[in-house]
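K.L.:
Pasting the relevant annotations from Swiss-Prot:
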SIGNAL    1-25  signal peptide
CARBOHYD  Asn36  N-linked glycosylation site
CARBOHYD  Asn51  N-linked glycosylation site
CARBOHYD  Asn74  N-linked glycosylation site
CARBOHYD  Asn152  N-linked glycosylation site
CARBOHYD  Asn171  N-linked glycosylation site
CARBOHYD  Asn260  N-linked glycosylation site
CARBOHYD  Asn359  N-linked glycosylation site
CARBOHYD  Asn440  N-linked glycosylation site
CARBOHYD  Asn493  N-linked glycosylation site
CARBOHYD  Asn610  N-linked glycosylation site
Amino acid sequence: MVAFSALSGVSAVSLLLSLVQNAHGISLKVSTQGGNSSSPILYGFMFEDINHSGDGGIYGQMLQNPGLQGTAPNLTAWAAVGDATIAIDGDSPLTSAIPSTIKLNIADDATGAVGLTNEGYWGIPVDGSEFHSSFWIKGDYSGDITVRLVGNYTGTEYGSTTITHTSTADNFTQASVKFPTTKAPDGNVLYELTVDGSVAAGSSLNFGYLTLFGETYKSRENGLKPQLANVLDDMKGSFLRFPGGNNLEGNSAENRWKWNETIGDLCDRPGREGTWTYYNTDGLGLHEYFYWCEDLGLVPVLGVWDGFALESGGNTPLTGDALTPYIDDVLNELEYILGDTSTTYGAWRAANGQEEPWNLTMVEIGNEDMLGGGCESYAERFTAFYDAIHAAYPDLILIASTSEADCLPESMPEGSWVDYHDYSTPDGLVGQFNYFDNLNRSVPYFIGEYSRWEIDWPNMKGSVAEAVFMIGFERNSDVVKMAAYAPLLQLINSTQWTPDLIGYTQSPGDIFLSTSYYVQEMFSRNRGDTIKEVTSDSDFGPLYWVASSAGDSYYVKLANYGSETQDLTVSIPGTSTGKLTVLADSDPDAYNSDTQTLVTPSESTVQASNGTFTFSLPAWAVAVLAAN
């Protein structure tokens, strides 16, 4: 995680929001009586595998192209070592899901170590933890097998182990190894698997679905990278929407995300061509998403395919009777998640290692069906899926993938929600501040995706604009139930969308927290359960605010969307002390990236005089006053 540092262009005094006396400042008076309820799960995460945020990102498996998956397999990331060559072998399948394996052809006069290497996803992050590797091998061989992690350019070894293994040409056998490592200075590390060339000379060996894991979050098998999971945990989000997003839709009905192909052993998962230009291994599958929720204390929000592929791909949308097999598939998925072991799919879940049903309460039907030709048919499709799911699971909250009335049934079913997405310019987000004041309050809202766009990195102007937008929906969080910034994660080496909340490379600890990350963290970690009335002698703009309470604690969130300092008095009867957290920079274009960290929050303890706090808010600033 990036350490706190001084902000450029703002003095340390301003950073700490030094107390000032200014009779002409803006006055905010927070009522301690009454108020509207605020959703307890307001802030959370939207995740799909974009920007190698899953494979190569938060998913712990580090080898790229581990199983040569897909109908057009290739040797991306693989290379030969020593007196040998490698090739794709489609005649020695590992399983029906993994029809191709790597054939290692060893020279007749081979000596020394021969084998194969994998470069990972633009490197391998060796962090000094214990590593675990597994692989399948077929071919007549009895001898040493060595697994090493070695510097790509330096040859420095960061960890290794050697085992003795016997395999035959008849069947694949699996081997697993564990070994300690020392921390590498960067991600330029290769995975190397070798056999004794003098023993294997003149023969060939096949290798299938190789894996490499370091320590995982909460030691989950096939789990998450702790470095990224910890950063998310620091935000204290409340929910996780998965698996997308566009990556749920796919480019055709056949290419959609298929839940039943993401479960079981890794060698039984065929993977799929993802929507964001690269193949998904689906090692991060249905079980792993629910364990992610369990381990970070998140409410799962499951997206299901609803007969519409991205941009009407593959002759979708499907309607009428053509939807029946896909509705049945969703019902099977829900039985897998929620059914006890007396049910067909609940028993299958238990056989895959999860005896107890998961606690799923929310399902979203489709993704952005207002786009790409989906709107006209969505009312029919939503109703068909809603009716079937609600009949079988009446307690589930079902969410429409759009809030646009033209795409929805004339009357939404009681208890259903709608999903509102907003990617916009900074001024566009600020312009939406009042949008949520005027909602039909009988239909709850999920803001499933939002952020500033059309820039490489979140900057202060955009992050303050997002804060204004967030203040707008938090003021209305009796009807706005959940909201998530998107996209969440970004491997710097392979990016399909910017800006993103959190960036990283494969160098250990190389994580870049954006200005927008800090806004999300500040707002999520400081939440009340009741939104309080605030009276002021000023209109909204350029200063925006919202106040909430939880018991005797009060939270006032502020955003200064402008270039002038704002002097403030904030009155909260009965309070005496508070903590001020501020993110600010006088340059609206200031940003954090992989090459610089210019803007981080600062905190100070402040005292009230008769329940009144007096301070100044710098230009282009987001602040939270937590008082009691």
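Note that Cβ sites are derived from N, Cα and C of the backbone, with glycine treated the same way.
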K.L.:
Under a three-state reading of DSSP, tell me whether Asn610 (N-linked glycosylation site) is helix, strand or coil.
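P.N.:
Going by the DSSP assignment, Asn610 (N-linked glycosylation site) belongs to neither helix nor strand, so it counts as coil.
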K.L.:
Near the Cβ of Asn171 (N-linked glycosylation site), how many other Cβ atoms are there if near means within 10 Å?
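P.N.:
Counting Cβ neighbours of Asn171 (N-linked glycosylation site) within 10 Å gives 8.
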K.L.:
Taking the Cβ of Asn36 (N-linked glycosylation site) as the reference point, list residues of the same chain whose Cβ is under 8 angstroms away and which are at least six residues distant in sequence.
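P.N.:
For Asn36 (N-linked glycosylation site), the qualifying residues are Ser477, Asp478, Thr530, Ile531.
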K.L.:
Asn51 (N-linked glycosylation site): which of the glycosylation sites Asn440, Asn493, Asn610 is the nearest Cα neighbour?
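P.N.:
Among Asn440, Asn493, Asn610, Asn493.
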K.L.:
Considering the glycosylation sites Asn51, Asn74, Asn152, which residue's Cβ sits among the greatest number of other Cβ atoms within 10 Å?
P.N.:
Asn51
K.L.:
What is the Cβ neighbour count of Asn359 (N-linked glycosylation site) at a 10 Å cut-off, with all protein chains included?
P.N.:
12
K.L.:
Quick one: pull the CA-CA distance for Asn74 (N-linked glycosylation site) versus Asn493 (N-linked glycosylation site), whole Å only.
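P.N.:
Given the Cα positions, Asn74 (N-linked glycosylation site) is 20 Å from Asn493 (N-linked glycosylation site).
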K.L.:
Using a 10 angstroms cut-off on Cβ to Cβ distances, just flag whichever of Asn260, Asn440, Asn493, Asn610 is the loneliest among these glycosylation sites.
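P.N.:
Relative to the other glycosylation sites in Asn260, Asn440, Asn493, Asn610, Asn610 has the fewest Cβ atoms within 10 Å.
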K.L.:
Of Asn171, Asn260, Asn440, Asn493, Asn610, which is closest to Asn152 (N-linked glycosylation site) if I measure between C-alpha atoms? They're all glycosylation sites.
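P.N.:
Spatially nearest to Asn152 (N-linked glycosylation site) by Cα position is Asn493.
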K.L.:
Going by C-alpha positions, which of the glycosylation sites (Asn440, Asn493, Asn610) is nearest Asn260 (N-linked glycosylation site)?
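P.N.:
Result: the closest of the glycosylation sites to Asn260 (N-linked glycosylation site) is Asn493.
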